[in-house]
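What TrEMBL says about this one:
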SIGNAL    1-18  signal peptide
DOMAIN    39-123  domain 'Copper amine oxidase N2-terminal'
DOMAIN    140-240  domain 'Copper amine oxidase N3-terminal'
DOMAIN    292-532  domain 'Copper amine oxidase catalytic'
ACT_SITE  ASP364  active site, proton acceptor
MOD_RES   TYR452  2',4',5'-topaquinone
ACT_SITE  TYR452  active site, schiff-base intermediate with substrate
DOMAIN    563-651  domain 'Copper amine oxidase catalytic'
Amino acid sequence: MWLLELPWALALLATVASSGPSAEPPDPASIFADLSPAELRAVRTFLMERPELGLSPSQGGPLAKNSLFLVELLPPKKRSALRFLERGGARPRREARAVIFFGAQAEPNITELAVGPLPRPSSYRLMGFKGGRAVPFSARPMTRLEYELLHEALVAALAPLEPLLREATGFGFQNCSERCLTFSDIAPRGLGPGERRTWLVIQRFVEGFFLHPAGLEVLLDHRDPDPRRWAVRQLWYNGRYFGSVQELAESHARGTLPLARLPEPPARHPFSSYEPRGRFSSGTPTEVHGAKVCEPQGRRYRLRGNRLEYGGWSLAFRLRSSAGLQLFDVRFGGERVAYELSVQEAIAFYGGHSPAAMQTKYMDAGWAMGASSYELARGVDCPETASFLDAHHLLDADGPVRFRHALCVFELPTGVPLRRHFDSDFQGGFHFYAGLEGRALVLRTTSTVYNYDYIWDFLLYPNGVLESKVHATGYIHATFYTPEGRRYGSRVHSHLLGNVHTHLVHYKVDLDVAGSGNSFETMDIGFENISNPWSAGARVGPGQGWDRDPPGPRVTLPVTCPRYHLAVTRRHENEPSSSSIYTQNNPWDPPVTFESFIHDNETIEDQDLVAWVTVGFLHVPHAEDIPNTATPGNAVGFFLRPFNFFNEDPSVASRAPVIVRPLDPPSCSRLEIRRWTPPSPGPCVHPEPFTYNGTYRQV
């Protein structure tokens with residue numbers, strides 16, 4: 001049995017892109033590999049040439065057009081994959097998932113296609129959601145084009161407010177080349193299906209502009225495909241609502257508007273910057289390099305394309321543009337323990353007094369968190385010794401875009417032994433000491449979803465334990481401070497409110513322990529008070545024993561997937577994900593409803609099961625979140641642990657322990673030290689200087 005441990009916290013995943021062509025036969029793991037740049041281009045070219053689709057380039061042109069939004073791997077069906085992996089069956093047909101925005105028709109919609117076979121596609125077929133649910137055009141994710149049009153509409157609409165903004169902030173929108181204003185957009189975009197009304201938080205465009213709200217929030221209606229029909233419906237300034245731009249401008253002109261004058265930001269190094277300031281009281285040096293990770297005898301893991309091997313572990317991985325990392329065919333000791341582990345959704349629900357704050361309910365799959373995997377810095381985001389891999393995405397672009405060093409792999413000293421024991425003789429000596437150093441292999445990526453940065457890790461331990469962990473960092477989502485806002489957060493700077501919010505992350509864990517036919521069981525500790533069998537009349541208690549519950553999920557909260565700590569369902573091909581990229585902009589009637597997964601009254605005994613896991617934490621921002629939220633105390637996750645699956649701890653296969661035995665007890669003056677590794681690890685220096693690129697370009 002394998003145990004799924006669920007501390008109430010956030011969890012995470014890592015990701016990567018497939019390697020280029022190889023002269024060797026492809027690894028079986030390549031059936032799960034992300035599409036190569038050549039495959040992405042081939043799919044796009046094939047679809048652009050279909051006259052019945054009438055596709056236009058993604059960039060430029062009107063919103064009311066047919067365009068290709070997303071291309072990514074469509075994983076093979078599980079039955080076909082297992083037939084190939086286990087029984088030497090035919091290699092599954094390789095296909096792509098393509099998302100098309102059909103905006104140039106009387107009833108615009110979003111359609112998903114399966115395109116194949118790859119690498120030379122020749123056909124496509126329609127893909128549907130469970131229950132045949134359609135995706136309305138208003139549910140589409142935002143695009144670069146729509147943001148450009150949104151900015152143009154906002155600048156034009158707010159022209160009458162330029163005197164107010166210049167007087168209050170020293171910054172503006174009109175004819176701006178420096179000292180400019182910008183905005184952050186809030187979602188969901190409305191209060192019901194079909195709406196596309198977005199609250200925009202106006203901010204001063206300085207380094208770390210997320211922490212520089214100007215006190216103005218604007219509700220802009222951009223549902224119509226024609227931007228000429230877009231309009232500002234409402235405004236909020238310094239705690240007051242206004243029905244129009246003109247009403248706010250006239251209030252300012254009459255001198256009846258309480259103006260929120262912001263202090264002039266420093267020309268360099270604002271409080272939102274990373275520039276060092278101040279000194280530690282101890283005076284210990286920080287200008288020199290600290291401790292580093294090294295591999296004195298080389299790497300102890302193997303990375304081949306999208307196949308990763310380490311100790312007893314073997315797995316395939318990919319990075320979905322839509323939702324992030326997926327692990328497939330996870331094995332320990334050659335035996336599969338999970339078919340799939342993948343992140344499904346990351347949610348942040350906020351509270352606040354301003355309209356933008358109270359409306360904020362971010363669902364990050366709708367912001368393509370998998371394609372937000374920007375460059376990892378060697379020596380900061382990952383150790384200098386790490387292996388770095390690129391990712392390629394075709395999302396809201398007219399060709400594949402390379403994301404350099406989007407993922408890294410490295411072996412990490414945990415700083416605590418995996419196992420150890422000092423066997424005292426209670427006479428000042430010992431019988432033996434033995435210990436096994438703590439090591440884990442880390443698969444890491446990040447998602448920078450606008451202001452927040454999520455660091456996603458999978459950790460593989462030599463004793464058969466797999467840990468999924470996420471760290472939250474980056475800038476808090478903050479709003480303009482008003483006294484009424486204190487109910488919903490902390491005043492973290494002079495004009496800044498850090499709004500309270502809850503982070504929730506949802507995972508799919510398709511365990512295949514000793515085959516696909518599994519059952520689900522919970523265990524609780526029960527206390528008992530019994531007669532003492534070796535002393536008449538005495539009682540033994542309270543004792544402990546197992547209370548075994550019958551198979552079944554423990555469901556505590558109603559509605560959608562993140563409201564359940566753990567839900568267990570039968571696996572179905574038409575339930576590949578618990579959320580979608582459309583939920584953010586249509587949470588009222590989403591095409592994927594997790595409730596339908598768990599309310600179908602199916603048996604889950606001796607079936608192919610999926611555990612849907614939610615982890616998260618409450619974040620009450622504080623002054624120490626300036627400039628950024630720090631990772632200590634903001635990391636959470638879950639473990640997969642073997643439970644009576646092996647005869648003993650499988651890490652006994654490691655050749656890294658140290659055993660010390662005295663040869664002359666009890667004096668212990670002569671010792672036998674047994675090691676299976678070299679006596680000295682040797683030098684531990686990485687000679688290359690720090691470098692960074694940071695670009696992500698179309699290829």
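The backbone N, Cα and C atoms fix where each Cβ goes, glycine too.
Caution: TrEMBL annotation is automatic and unverified by curators.
The CA atom of TYR452 (2',4',5'-topaquinone) is located 10 Å away from the CA atom of the residue listed as 'active site, proton acceptor'. Within 10 Å of the C-beta atom of TYR452 (2',4',5'-topaquinone) sit 24 other C-beta atoms, taking all shown protein chains into account. The number of other CB atoms found within 10 A of the CB of ASP364 (active site, proton acceptor), across every protein chain shown, is 25. Remark: secondary structure over the domain 'Copper amine oxidase catalytic' (563-651) totals 10 helix, 26 strand, 53 coil, with classes taken from DSSP. DSSP labels the residues of the domain 'Copper amine oxidase N2-terminal' (39-123) in these numbers: 20 helix, 27 strand, 38 coil. Taking DSSP states H, G and I as helix and E and B as strand, the domain 'Copper amine oxidase N3-terminal' (140-240) has 31 helix, 32 strand, 38 coil. When pLDDT values are averaged over the domain 'Copper amine oxidase catalytic' (292-532), the model yields 95.
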